[in-house]
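Undergrad: Dropping a structure here in C-alpha cells format, bear with me for questions.
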Amino acid sequence: MAVAFRGGRGGVGSGQSTGLRSFFSYRIFISALFSFLFLATFSVVLNSSRHQPHQDHTLPSMGNAYMQRTFLALQSDPLKTRLDLIHKQAIDHLTLVNAYAAYARKLKLDASKQLKLFEDLAINFSDLQSKPGLKSAVSDNGNALEEDSFRQLEKEVKDKVKTARMMIVESKESYDTQLKIQKLKDTIFAVQEQLTKAKKNGAVASLISAKSVPKSLHCLAMRLVGERISNPEKYKDAPPDPAAEDPTLYHYAIFSDNVIAVSVVVRSVVMNAEEPWKHVFHVVTDRMNLAAMKVWFKMRPLDRGAHVEIKSVEDFKFLNSSYAPVLRQLESAKLQKFYFENQAENATKDSHNLKFKNPKYLSMLNHLRFYLPEMYPKLNKILFLDDDVVVQKDVTGLWKINLDGKVNGAVETCFGSFHRYGQYLNFSHPLIKENFNPSACAWAFGMNIFDLNAWRREKCTDQYHYWQNLNEDRTLWKLGTLPPGLITFYSKTKSLDKSWHVLGLGYNPGVSMDEIRNAGVIHYNGNMKPWLDIAMNQYKSLWTKYVDNEMEFVQMCNFGL
C-alpha cells in the first residue's frame, strides 16, 4: 500500500515538470524571434536613411536636418567642426578689432594710419563672414563641405586672425595706457567740477551765515532797547566828555552796529592798556542800534577810567548825499540793481564777487573811515579799529611811530604776486593804468594809525571823492572800501611791523599760534566771525575771553560762548 502511494505521487510530479519546460522554451523562442525582427527593421531603416537625401528631393529641408541630427549624431563631419571653430575665431577677432578701433577714435590718437588698418581689418572680417561658402556651411543646411574650398577659407581666416593679433599686441600697451590716461582725465575733470560746485555752495552758505543776524545778537539788542524804554530817566544822555577832544590822549575810532563786538574791542584795549584812563573810544553806530549801544556802556561802564563817546551817523550833519558821493551812489537805482537784481551783472553770478553781497558794503558805517579828520577836527592822530579785532597788548607805541610825513600807518599784506594793487583795481582802465603800479603792495584795513594833520595837508578826502565819483559805474573797482583806500593813500602809507596786526583768523586755519601770541592786534577778517557758529574753534577762545559774561543780558540771550 505504501509503495503504491509513493508511485502515484511520483508520476504526477513528472508530468508537471515536462509542462513547465515546454512553456519556458516557448517563451524564449518568441523573445528571440522579436529581437531578430527588431534588429532587421532597424537595419533596413538605417540603410534607407543613408541614401534618402540623394534619392528624395521632395522632403523639406527641416525634415532632412532633423533626420541627420537624430540618426547621424555619431557620424559628425570633422570639417564642419573645424569650420565652426574658424567662424567663432573670426567673430571674436572682429569684435576685438572693432573695440580697438572705437578706443582709437575715442582717444583721438594721432596714429591715424593704425586706426585705418583696424578699420580695414574689421571690413575684411565682415566680408569673410558674409562669404556664401562660410555663410551656408555655418547655417547648418546639410550641404557637404569641399575640402579644397574649406582649406582656402581656413587659410584666409587664419591669415586675418594672425594679422589682427599682431596689430593688437603692438598697440595694446599704447592703447591701454592712453585709455587709462583718458579715464583719469575724465575722473579729474568730474572731481574738479564737483569741487568747484562745492566751493561755490560753501561760499554762498558762508555768506548767508555772515550776513545774517544771529538770534543771540538780535536778542541782546532788543533787551538793551527794552531796558532803555523801561527806565528812561536812568539812561538820559550825559553831557559831552571833554576827553573826547583832548589831542594829548589816545583816541580810537570804532564804527559798527554790533554791540557785543564793540564791547569786546573796547574791553580788550582797556584790559591790556598800561594807562587806561588816557584812552578814549569814539564809537559810531546807526540810528537803529544807538540806544542799545548807549545802554550797554551805561550798564557796563569802562574800568580804570577809560572814556567812551557814542554817536550815530546822523549826528554828523555834513555827511549828506550832496557832499559824500558814496551816499548818493548808495541811493542810486544802478547800485540797487547791481546789488539786488538777479541779472547777468549780478555779483552772485561770479563766485569771486560773492563777498560784495555783504550788507556792510551798502552801509555808510563802512565808509566813515574816509571822513575822520572832519569827524574829529581837534585830534592829531587816531587809531582806527574794525569791530572784528582783539587787542592783545598795550598799543600806545603806535602813536610814537614816526610815519615820515605819511598819512596812514598799516601792515602790508602782499607776498609774492598776491595782494598787489593789480588784484583790487581794474588796470584795463586807462586812468588806473596811468596813475598806479599794479605791482604795488597792498595793505590792510582793520588797524590803522592815521595822522590827521597829514591827511588834511594832503587833502585825502578830496582825493577819495574824486575817485569815488569816477567809479559811479563800478568800472575802476567793485564795491568795498579797500580799493578806494588803496587809491586814496597811494604813496601815503607807512609800512608797519607785521606783528602789530595779524590777519586771517576769520578764514585761514593755518595762522600760527606763535604769530598770534606775538601780535598786538589779531583780526578775524573773513566770514567766520568769532560770534558766529561757523567760527573756527582754534581761534574763538582768543575772542570769547574778552566777552563780559557777567552782563545779565548776555546770559539771558544764550550766546553759547
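Even glycines carry a Cβ here, placed using N, Cα and C.
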Undergrad: If I look at Swiss-Prot, which residue among Asn47, Asn346 would I find recorded as N-linked glycosylation site?
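TA: Candidates were Asn47, Asn346; Swiss-Prot attaches N-linked glycosylation site to Asn346.
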Undergrad: Per residue, counting other C-beta atoms within 10 angstroms of the C-beta, which of the glycosylation sites Asn320, Asn426 reaches the highest number?
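TA: That would be Asn426, with the most Cβ atoms nearby.
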Undergrad: Between Asn320 (N-linked glycosylation site) and Asn426 (N-linked glycosylation site), how far is it from one CA atom to the other, in Å?
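TA: Just about 28 Å between their Cα atoms.
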